[in-house]
């Protein structure tokens, strides 16, 4: 039987987070402590952390709880940020979902793919939204809320939604849209692993429904079909007639069979190429930026073309 906290926490904001998001940290080591402090300085409501051997203590200004069920009961948390090392990260994701979290953001890299299959099954069963793993997290400048390791100084409240498989290219797009005076509504780093919790289409659907988001930047990588699937949805809904979309795909020069950075960034069997992704996106009406330095310029031009600025 579902707990009342589970039922309550399923009612998550359209763009995953808002000013009322209450965050618990799983994995309060050096990185967890450091980034939880930065999140609180930015304005995020971080309400506690979980460590089974340190329950009852205060670490980095946060009360420590034995497990996720206890922290939900005591703090009314509705989102979890995971810094647990790879061997235990999948179990941490599952514990968070089963405790009633509406959102789990997993920063951890190198989680075994077999473990992630189990995690995705639990997420589907519980209705919990997973972002990551192997991702920088997400940020919402208008509410001063972020979960993850994203640096805050380049972000400004504004009109552009950014969804990206690459952390550093996310920051490039954010800086460019800030410099162009457009700012960002919400920025989501979905991560580069083969079994990601959110794919491009999942996030773009939310941007399409969000009134503050007036334009979208999609940053992809070689490998997988997330970008092609997004192109299909964009074409079917004629999204670019209402909200412009600009896309950049990383890894265009990668030789077949060579992994480029992320575990999912690999071309195999002739599928997952940058050119194939560009072709699908362009056919859907998406403006293609073949150099990351053009992302800000092109979204500004597209916004102007549609009379949004």
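Please read every residue number as a count from 1 along the shown chain.
Glycine is treated like the rest: Cβ placed from N, Cα and C.
Because the structure is a prediction, the values reported are computed rather than measured.
As written in Swiss-Prot, here are the features:
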TRANSIT   1-9  transit peptide
BINDING   54, 107, 108, 109  CoA binding site
BINDING   171  substrate binding site
ACT_SITE  262  active site, tele-phosphohistidine intermediate
Least buried by Cβ count (within 10 Å) of the binding-site residues 54, 107, 108: 54
Quick note, residue 109 (CoA binding site): same-chain residues at least 6 apart with CB under 8 Å of its CB -> 86, 133, 134, 193
Quick one: pull the CA-CA distance for residue 54 (CoA binding site) versus residue 171 (substrate binding site), whole Å only. 35
Rounded inter-Cα distance in Å - residue 108 (CoA binding site), the residue listed as 'substrate binding site': 19
Over all shown protein chains, what is the count of other CB atoms within 10 A of the CB belonging to the residue listed as 'substrate binding site'? 19
Taking DSSP as the reference, which of helix, strand or coil describes the residue listed as 'substrate binding site'? helix
Separation of alpha carbons, residue 107 (CoA binding site) and residue 171 (substrate binding site) (Å): 16
Could you tell me which three-state DSSP class residue 108 (CoA binding site) falls into? coil
